[in-house]
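Q: Per TrEMBL, active site, proton acceptor is recorded for D:128. Summarising the annotation, TrEMBL assigns ATP binding site to D:11, D:73, D:74, D:103, D:104, D:105, D:106. Sequence annotations record features per position, and here TrEMBL assigns ADP binding site to D:21, D:22, D:23, D:24, D:25, D:214, D:215, D:216. Taken from TrEMBL, the feature Mg(2+) binding site covers D:104. The substrate binding site annotation in TrEMBL covers D:126, D:127, D:128, D:163, D:170, D:171, D:172, D:223, D:244, D:250, D:251, D:252, D:253. Among the features that TrEMBL reports, domain 'Phosphofructokinase' is placed at D:3-276.
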């Protein structure tokens, strides 16, 4: 093996650049060349690549949000013909193995290349934490902290104005961001797709709180359940809450990554390179109990699903009045 | 004069607590008593007050968002009868002068009390920067920094995904938050109520940028113009921009105040007390060229309007490609 | 069991208040009373306690640094006589069980009370991450992020001025803060007590880097090794590095806790209460693989030691040029 | 005029990149070419320059700390011979005018070039706020906010442990950072070079505070007075304060600039270009009352001195107990 290709795909997340840097530097440290592939699978098929030079390209990117390799929509990559073109291009470029950073769509691409015999490794980069085979995805910790900071701010206004705020956080189908930021921000209720909820019971609780002197409230709703506006409309049927709906939106995806996201991105990027050096491809890497770990990418995607830690929702219930 | 009352009214802003602290401490330093009035004019009429004890009530609040005195809607205060009740209550409580922190609604209350002969002073507390008689309102600097931080994050995603983001910031009828955060975040266009804009021209610029290699964009829209969703819908008529609309909403109002907001809150709160000690009431205080200054509150409200510095919009135009 | 006492002891760490809140709320949720004990073991012996009322005392503290219960030096607690006095006081106050938040000194106190037959549970609160029985202590994640943010800033100056910075971070005898912040901030070398280091080799690397175009450098030194000033003096013997020594000091200990520190504080505080409800005392709680876990506090302190993950130092070496 | 050169010199400050961007973009907007000069006056003499291309070099730098043009010590520039070499090099490169961003050392360089007949303009970039001709220097607002954030953290520990902290902030000979951050962080005393101080009186106040229930304290010392360690040693002669000395050091110089620093950097950078377009050189630009303004650089340096607003120190005294 001489050359490793690196691409980012799907939605950007904080820490992707830290992973790119770790893969490239670890590869160079082992005497390999690292090639950055611009614009995801689209750039791969088009041969839009550049040789990474450690100094010019990698210094000072560990703490930058977004992805220097950028990303692009490319539904055509679902077709076998396009996948084969990509492999042809990789061979032409002399790239022997590929590391893909992204969410499950990106993993599917890596799985397809693996099925066609090209060594590919998936690194979990998404704020949603919805990838099987890892406790945490790269970007999740930062997104949770951004959401928590926003909820802290909203709490200031809720307390000053005796208001109820319904705040929608990201997470696609997963409630992880809602759970973590909701606990961290002292939410009165956390509404996630993985657990039943009862809007009327929540409304009753808020009314009861008001009687007991807590005249403000915060409800965190995962986007996988419904929108903040919809939830607010439902809630308002059960009382006059002077409620407001807020959607945190894209601010959760960018910005300086937290130390944890940088560290796990470094661990996972380096580990992907170590696996390739041992001749292992077709893997998805992840963090389990603080250590990097690898699983067969096909098995991971076909037979496993991310499990949200619903016990955190029960915990939050015990911390309520 | 023996006792000063302090209330916050209208929307909360960062630095209000710093102003409350400055008023109370400066009063105590001069040998006066300071009374906090809970829940704005409503609490005033109801006599919902407490004596501020410097240690228990004022230590550690300078850096907290929201207002420890809280705020409440109270449209009844527009009626003369209610205003007179408030004055009666103030006399009953032995309070000789009042300092009101808030936006123009709050100032109107202070003006009414002044017209009825009760010494009241207005301190400008709002994120919108839309109060006449001051260069900056308390909370504006923090709101601008919160918005700028959010725009920085969104820029990361815009650059990674070649997207156009339309972001709505607060400011009520004023474009100040949009101007400052837009310049600070390298916005391609800043759309404010105080200046003509041409959506088609903006769309053409974005298309042209794309041709020149800048395949992302950021448009900051002041809420006083239209919503992000509306602007996006208009923009999309002139091109296929893969655009997204984001509304920053209430996160702009809370959180830890910046150093500047704490310093001007300290200057203005102290200055209000100095004026009252000199027997001067019926004033609105403000910061002009870095120094506290006072104006007749009636004249300020009736004959003056906040002027947004539109030259900043021209500046931003000169900093574009 | 009817009443639970809570105290914080030793150095403060971010998230201690989140733990206090979790213990108190979880206790109240289970129908118990929660008593806050001021000033650590000193306040315990003196009976300096107050009944926690959920609203007034616990709302809005989850995101505040320091400890609302405060802490105090109290070497007298090493004496058996003083320990017995504490138990007497607890009985007098009707407190049936105690939860202590702090580092290993605090744990020793809890262990002593346990040995005397009083049910006590230790919750790991320290930035140093040096407590056995847990993967992470409450405050560590925040301290790492504060240090990383400081290192990011210093990197800006190092790059602008072609300088070498030697930065000392906290951690007492443990290198954990140095390792995490060093990896996150792209340090050229991380010097920790748990691994051999060779200043001459580091100096040679910096000289070689300069030849290869990297004319700046960052060395993170754990306080358990030596001071930044001492390290700089050693380093300067091997070259002319235009080096600077910086000691991050106490800024690492305070401030708003990260989401993770708030979440694990909530998990651990709640878990301590669950254990007491089951009649289990004399335990040290900790987070293992994301879940709360308990161990015998005597065994933990006498037979176990915190293990720093030295593989992170090797990882950082692989990410160097 | 066809080509403008830009250099940064002296200590880096946050917002220097925003100024570089503003100068370059404003120049390009007016049809000029912009050349970046690496490594300050040293790079100027050596002809170490590059043509700035708006997209590749200027996108995404407005929010980065440090200076992309870097800086270097170059005492040789005090010699006339070297200055003349610089002018020769500028002519050779076809550069018609120069904008220098930096502190007073940088201004002296620009003044010398002006005296030799080469149009140069100084833009005030330093965290110290010690440049005449401007209310605020670029970087000052960020440095004050960084210092304030650090002081907030330290306050958490001071309150938790009943301690006195003596914290040294930067500012060279000026007390501006100490004054602003000290007021913002509720300091008990602010010690600056511009005003007499009495350590014994400060110690007495702290002792008295302790009697009145305020058992912690914060003293902010400007580096222009003495070091934190020296102040602590003096203070300890007058009481047993369990005091700690902390030096904030270089963290104050780097990091993401605040919105204000980005806005004034944009105003000043653009204004420098407007002046050059009008054929005006030999000026120092500054912000006065929110507007850019220019003064003769020779007169500014030779006949004016920065005036620290000492009234802020009196304000802080009135806000004490």
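Just so you know, the numbers here start at 1 and follow the chain as drawn.
Using N, Cα and C of the backbone, Cβ positions are placed for all residues, glycine too.
Could you give the neighbours, burial and distances for every feature on this list?
A: Secondary structure at residue D:128 (active site, proton acceptor), as computed by DSSP, is coil.
The Cβ of residue D:105 (ATP binding site) has D:9, D:10 as same-chain neighbours under 8 Å, each 6 or more residues away in sequence.
Classification of residue D:21 (ADP binding site) by DSSP places it within a helix. Sequence-distant neighbours of residue D:21 (ADP binding site) (same chain, six or more apart, CB under 8 Å from its CB) are D:58, D:61, D:62, D:266, D:269, listed in sequence order.
Counting only residues at least six positions away in the same chain, the Cβ atoms of D:10, D:126, D:130, D:131, D:301 sit under 8 Å from the Cβ of residue D:104 (ATP binding site).
Sequence-distant contacts (6 or more apart, same chain, Cβ under 8 Å) of residue D:244 (substrate binding site) comprise D:163, D:164, D:165, D:166, D:232. Taken residue by residue with DSSP, residue D:244 (substrate binding site) is part of a strand.
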Q: Applying an 8 Å Cβ threshold (strictly under) against chain C, tell me which of the binding-site residues D:24, D:172, D:244, D:251, D:253 fall inside, in sequence order.
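A: Near chain C: D:244, D:251, D:253.
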Q: Only counting partners 6 or more residues apart, tell me which same-chain residues put their Cβ under 8 Å from the Cβ of residue D:74 (ATP binding site).
A: D:40, D:41, D:42, D:45
Q: Using Cβ atoms and a cut-off of under 8 Å, determine which of the binding-site residues D:24, D:74, D:103, D:104, D:170, D:172 neighbour chain B, and list them by sequence position, or give 'none'.
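A: Listed binding-site residues passing the 8 Å Cβ cut to B: none.
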Q: Find the longest CA to CA distance in the recorded ATP-binding set D:11, D:73, D:74, D:103, D:104, D:105, D:106; express it in Å as a whole number.
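A: Farthest-apart Cα atoms in D:11, D:73, D:74, D:103, D:104, D:105, D:106 are separated by 14 Å.
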Q: For residue D:170 (substrate binding site), which of these recorded positions sit within 10 Å, Cα to Cα: D:22, D:23, D:24, D:128, D:214, D:215?
A: D:128
Q: Within 10 angstroms of the C-beta of residue D:103 (ATP binding site), what count of other C-beta atoms is obtained when all protein chains are considered?
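A: So the number of other Cβ atoms within 10 Å of residue D:103 (ATP binding site) is 22.
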Q: Do you know offhand how many angstrom separate residue D:215 (ADP binding site) and residue D:128 (active site, proton acceptor) by C-alpha?
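A: So the Cα of residue D:128 (active site, proton acceptor) lies 32 Å away from that of residue D:215 (ADP binding site).
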Q: Looking only at Cβ atoms, how many others are within 10 Å of the one on residue D:214 (ADP binding site)?
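A: Here the count is 19.
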Q: Identify all same-chain residues not among D:11, D:73, D:74, D:103, D:104, D:105, D:106 whose C-beta atom falls within 8 angstroms of the centroid of the ATP site's C-beta atoms; report them in sequence order.
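A: Surrounding the site, in chain order, are D:9, D:10, D:40, D:71, D:102, D:109.
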Q: In whole Å, how far does the CA atom of residue D:73 (ATP binding site) lie from that of residue D:172 (substrate binding site)?
A: 17
